[in-house]
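Before any comments, here is the structure.
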Amino acid sequence: MNHGTKIPVDPFRIIKETARDGSTGEVKQLSYTSSKVVGSGSFGVVMQVHLIESDSKAAIKRVLQDKRFKNRELQIMRIMKHPNIVDLIAYYYTTGDNSDEVYLNLVLEFMPETIYRASRLYTRQKLSMPMLEVKLYIYQLLRSLAYIHASGICHRDIKPQNLLLDPENGILKLCDFGSAKILVAGEPNVSYICSRYYRAPELIFGATDYTHAIDIWSTGCVMAELMLGHPLFPGESGIDQLVEIIKILGTPSREQIKTMNPNYMEHRFPQIRPQPLSRVFSRSVPLDALDLLSKMLQYTPTDRLTAAEAMCHPFFDELRDPNTKLHNSRNPDASPRHLPELFNFSPFELSIRPDLNQKLIPSHARDALPVKLDDFVPIPIHRARID
């Protein structure tokens, strides 16, 4: 696949571009050396580069720009600022070998790994990811979703490959907003989004009026995969996928089917009883993990926990304990580390579900907040707007 004029892979050649700042849009000069391709696909190509000005690593994602439309990914990334979302440093346009082709280049914060790769490292050694790491990563994913969902944005492609990690510090950041969209009630959306294995059942049923709850289903699938070492609902097609879901959750009732897509209510499905999750997972998986999973993997979208509700689940209580330390499972000789910042909530985040703040924020973390919880007046949550 031709992705336009290639970014030369030459660690000694300095490339200069006139770019715009990811936050302010101000014009700035960017100088970098490029080292290697770290990803490619139908969207384009991702290069790892070294920024001269800041003496830091970054990733440049290059995508072909359709001149008829504004790039939704760029518009969304420019307004997203969160500790668990990859940061847009700058952006610029280049032309391809064919002068009609215009490429958008997103200069992004660099993270060394994906949760997909981290999970594979354990699987190859016939090990399970330590439960504390599962808690840490899923909590941070939920925190990023609480933030984007409150802004009206649905990611629509939650999967292990789109969850970036800094395994040294236990930090997770959500990336790839190429499928993301501001969902507006009453406006139809395409159902053929989200990668298989992680697709919510309403998408398999072809629903076009789905909600942010599709991201919660995908999160449940990712969490299950980290504990199992393989996808919970593998399937080569939509029907395959549905069969795998039914094998575990049982046949959806007519009422449940109605909440996903009323057009399928008269469809006859084989009657299969649900299987207890305790039979699907090993005995080492704690009951509170299975309880959280069951509350995210519900057929009826409105029955699924919201991201903020899920963060309050007892499964994550260990993260709220000030004595919890993160052991380096890749280097057992290294001394345990403190957990990353998990409670540095902004006033916006504290306004998402003010009724949950007391449960969400442990007492030892409250003094560091930008506001006093007892006196906090929630700010109005405004949905994100893009032209």
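Backbone N, Cα and C atoms are what each Cβ position is placed from, and that goes for glycine too.
Residues or ranges marked as active site, proton acceptor by Swiss-Prot: Asp157. Every protein chain shown contributes to the tally, and the Cβ of Asp157 (active site, proton acceptor) ends up with 20 other Cβ atoms within 10 Å.
Feature annotation from Swiss-Prot assigns ATP binding site to Val38, Gly39, Ser40, Gly41, Ser42, Phe43, Gly44, Val45, Val46, Lys61. Taking all protein chains in view, 16 other C-beta atoms sit within 10 angstroms of the C-beta of Val38 (ATP binding site).
Confidence in the domain 'Protein kinase' (32-316), given as mean pLDDT, stands at 93. Swiss-Prot lists 32-316 with the feature domain 'Protein kinase'.
The phosphoserine feature in Swiss-Prot is assigned to Ser191 (among others). Ser191 (phosphoserine) counts 20 other C-beta atoms within 10 Å of its own C-beta, drawing on all protein chains shown.
The phosphotyrosine annotation in Swiss-Prot covers Tyr192. Tyr192 (phosphotyrosine) has a Cβ environment of 8 other Cβ atoms inside 10 Å.
Look at Swiss-Prot and you will find Ser335 (among others) tagged as phosphoserine, backed by experimental evidence. Same-chain residues at least 6 positions away in sequence with a Cβ under 8 Å from that of Ser335 (phosphoserine) are not found in this chain.
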Euclidean distance between Cα atoms of Asp157 (active site, proton acceptor) and Gly44 (ATP binding site), Å: 16
From recorded positions Asp157, Ser191, Tyr192, the one whose Cα lies nearest Val46 (ATP binding site): Asp157
Asp157 (active site, proton acceptor) and Ser40 (ATP binding site), Cα-Cα, nearest whole angstrom: 16
Integer Cα-Cα distance in angstrom, Val38 (ATP binding site) to Ser191 (phosphoserine): 29
Val46 (ATP binding site): tally of other CB atoms within 10 A of its CB: 21
